[in-house]
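Features reported for this protein in TrEMBL:
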type	residues	note
COMPBIAS	331-341	compositional bias 'Polar residues'
COMPBIAS	342-352	compositional bias 'Basic and acidic residues'
COMPBIAS	355-364	compositional bias 'Polar residues'
DOMAIN	28-274	domain 'Rhodopsin'
REGION	331-364	region 'Disordered'
TRANSMEM	12-32	transmembrane segment
TRANSMEM	44-68	transmembrane segment
TRANSMEM	88-113	transmembrane segment
TRANSMEM	125-147	transmembrane segment
TRANSMEM	211-229	transmembrane segment
TRANSMEM	241-265	transmembrane segment
Amino acid sequence: MVLHTELGPNLTAAVLLTGTLAFLTMGMRVYTRITKRNWGTDDWIMLFGCIPLLTLTIVTALGSYHGIGAKDSTLARPNNESYVELAYFYFFLYEVFYCTSIIFVKLSIAFMLNRIAGRRVVFVYINYGIMCLCATTNLGAALYVIFQCDPVSAAWKSDLRGKGYCDTQLHLQNVYFFCTSVNIFTDWATALMPIPLLWKVQMSKNTKVSVAGILGLGIFTSVTGLVRLKYTVSLTSKDEFLYGLAKILIWGYAEPALGMLVGNISTLRPLFHRILHLGANGSDQANTRGGTTGIVSSKRQSNACRPFDFDFELGIAAENIFESQLSTQIHGGRSASGSETESQKESREKGRIVVSQQVEVSHQ
């Protein structure tokens, strides 16, 4: 039997919607990164982050079917008292996996920003500071949730509270306020960081706006934290606790799920280009004009930014990364290399000009 009533269906719908989008885009991210051969640290972190987020999805959905979101009058009905303990158990699991899942999501986004920052060590160190703040805060919150009661099971079993000890709900509320405040700060910090990062990058204004806009979507995840703060006060309420708890879980689950969604979307630019058939290939072309044929023979890398494709998804051209040397030789008659291709030989026999072009790309 289940108790899926009042705000329970709302919680289920919110979890399934945002969770589906997060995991769907994660699959697209894996495909894009593997096909582009750009798999990096941020991808590994986000992939491992799917484990706690999937667990969070399951326990939150199960909680919505076992008392979370139900009013006190519903829980007081015959045979419904057992759902209270189940609801508290799923809430306990929710708290633990919320803290762990959001650590992975935020660390992944931070490492992605470090890729963009490149050798700008100031931004890299700032990002490391943000990572440490986020990780220690949420890890500390998870440990507090686990050990707030002695024994641990007293957190959801009311009959054990008389024999053991549980910290007050006021302290839990304060932990929520502090943890949420830190997460909101890190959301804004990582969302605004692309602005100075892209300020001097040589790209079109429209590209800068689109890239900053994609990365700036992290601001919307902070909105979920702000809304959740509004409902956090209900943690100290003795009336309609599980009913009000559903509102906290709706917005709380959305934070890591939307964070994963935003982090994944920022890597899908090549996939969208492929699907929408955007861009042009770099194939060499033979041009004819006024009866004179110019034949171009070139050695060039298929994509000059290939080693830095992790930035390429975001439309970012890294500054001072490559030193390019272009040499062009024009010969009348026989090729200077001593060896001729069929097209060069044909052009020589017909008295045409052979143009050979070579591009050398080297790391600084």
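Think of each number as a place in line: the chain as shown, counted from 1.
Placement of Cβ uses the backbone N, Cα and C atoms for every residue, glycine included.
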For the transmembrane segment (12-32), sequence-distant contacts whose Cβ falls under 8 Å of one of its Cβ atoms, 6 or more beyond its ends: 4, 43, 46-47, 50, 53-54, 57, 60-61, 64-65, 250, 253-254, 257-258, 260-261, 264-265, 267-268, 270-271, 313
Positions whose Cβ lies under 8 angstroms from the transmembrane segment (88-113), at least six residues beyond its ends: 40-43, 45-46, 48-49, 52-53, 55-56, 59-60, 62-63, 66, 68, 123, 127-128, 130-131, 134-135, 138-139, 141-142, 145-146, 155-156, 158, 179, 183, 186, 190, 193-194, 197, 215, 218, 245, 249, 252-253, 255-256, 259-260, 262-263, 266-267, 310
Sequence-remote partners of the transmembrane segment (44-68) [C-beta within less than 8 Å, at least six residues beyond its ends]: 2-4, 7-9, 11-12, 15-16, 19, 22-23, 26, 29-30, 75, 80, 83-84, 86-87, 90-91, 93-94, 97-98, 100-101, 103-105, 107-108, 111, 242, 245-246, 249, 253, 256-257, 260, 263-264
The domain 'Rhodopsin' (28-274) [mean pLDDT, rounded to integer]: 90
